[in-house]
Amino acid sequence: MFTFVRPVIGKVVTRYTKYVRELATSSIMGCEEELSQLEDKLLKESRAIVPLLRHDMYKGQAGRIGIIGGSLDYTGAPYFSAISALKVGCDLSHVFCPQDAAAVIKAYSPELIVHPILDTVNALDLVKPWLPRLHVLVIGPGLGRDPRILETVGSIIKFCRDHPDNWKPLVIDADGLFMITEKPDIIRNYPMDAILTPNAIEFSRLAKSILNKSWAATPNPDPDNVRALAVALGTNIIIVHKGASDIIASGSDNGAVVKCATGGSCRRCGGQGDLLSGSLGVFCCWAGLKAARDPPESVPSFPPAVIAAYAGCRLTRECNQRAVAKAGRSTLTTDMLEEIHAAFEALFEN
């Protein structure tokens, strides 16, 4: 059984808000020097959540991640998310998918634990026994829009919400965001950290559904708009708007905002968001583990989920930059996967 302990979140939010205000949150739209200081601080905090590799560790202690996704048409997305989680450093990566996607996903890699149960009539009952074994759920990669599957996934989130022993941090991407757009109350005021990772178009759809705002899709959104969406969904919600720079907004304390602008490229091949979602799942797990074991007086300058979000964005952008430097326009997500180790070492282990 694994539970996240959050006894110091009030202190974390207070220190985080104070720090961001001292650096002038408006710098996100302006002063590059202050933005660089903020990114340096976030990278330092990100390094602090990475667990040391020790001889006395056993399998599972570095993270057990569940990916809920996949469909007949989209088998690559859950694979990219799940294998990215393993390459970043979790110990076990599970994929919960429909039956007609399972064989293909299994064939991609023997490293993944694949459960072909998402389209069965008793899918929730089959998922329940696995929930206590998982640290984080990543929902949406390749999920598709079959109403029956989306209803099942919504019921899994509701079960986690209604049973404190199964409260799980969530990362929601792709068609998981479509589900939230259709039924925002699924995630509104979720009791644990939930990180939503919309691209420009997905963000515009969410804004229309939740805020009734017709904001044009743009890779450079107004940070106040990203903040507004996070606040509307609740204290534990983090919005990561993927774009030219990644804007990370917290729903807590009026939704202070940070930005990941380092790295990346102009190449936008399919699958990059899946690398991000899998990475985020691991960093979210590690941030929660660190918060649980640290003494109450030892609190970071930022909420754990904000640190996790920044770490995932920074790693993905670094992988993209390195891959594009080698392959240019031909860069694929498989090329980015090959850069995870070197990028991780350069960012988090120096």
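Keep in mind that glycine also has a Cβ here, set from the backbone N, Cα and C atoms.
What you are looking at is a predicted structure, and each value in this text was computed from that prediction instead of being measured.
What TrEMBL annotates here:
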type	residues	note
COILED	21-48	coiled coil
DOMAIN	42-347	domain 'YjeF C-terminal'
BINDING	Gly142, Asn199, Ala200, Ile201, Glu202, Phe203, Ser204, Arg205, Asp274	(6S)-NADPHX binding site
BINDING	242-246, 264-273	ATP binding site
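A 10 Å cutoff on Cβ-Cβ distances gives Asp246 (ATP binding site) a total of 25 other Cβ atoms nearby, all chains included. Long-range C-beta contacts of Lys242 (ATP binding site), restricted to its own chain and to partners at least six residues apart, with a cutoff below 8 Å, comprise Thr197, Pro198, Asn199, Ala200, Gly273, Leu276, Cys313. Spacing of Gly271 (ATP binding site) relative to Gly142 ((6S)-NADPHX binding site) is 10 Å (Cα to Cα, whole number). Here the C-alpha separation of Cys269 (ATP binding site) and Ser204 ((6S)-NADPHX binding site) works out to 21 Å. The least crowded of the binding-site residues Glu202, Asp274, judged by other CB atoms within 10 A of its own CB, is Glu202. The highest number of surrounding Cβ atoms within 10 Å, among the binding-site residues Ser204, Ser265, is found at Ser204.
Taken together, the residues in the domain 'YjeF C-terminal' (42-347) have a mean pLDDT of 95 on the 0 to 100 scale. Here the Cα atom of Asp246 (ATP binding site) is found 15 Å from that of Asp274 ((6S)-NADPHX binding site). Every protein chain considered, the tally of other Cβ atoms within 10 Å of the Cβ of Cys269 (ATP binding site) stands at 16. Nearest by CA distance to Ser204 ((6S)-NADPHX binding site), out of the binding-site residues Ala244, Ser265, Arg267, is Ala244. With all protein chains in the displayed structure included, the most crowded Cβ environment within 10 Å among the binding-site residues Gly142, Gly271 is that of Gly142. Across the residues annotated as binding (6S)-NADPHX (Gly142, Asn199, Ala200, Ile201, Glu202, Phe203, Ser204, Arg205, Asp274), the two Cα atoms farthest apart lie 20 Å from each other. Most Cβ neighbours within 10 Å among the binding-site residues Ala200, Ala244: this distinction goes to Ala200.
By the criterion of other Cβ atoms within 10 Å of the residue's own Cβ, the least surrounded of the binding-site residues Arg267, Gly273 is Arg267.
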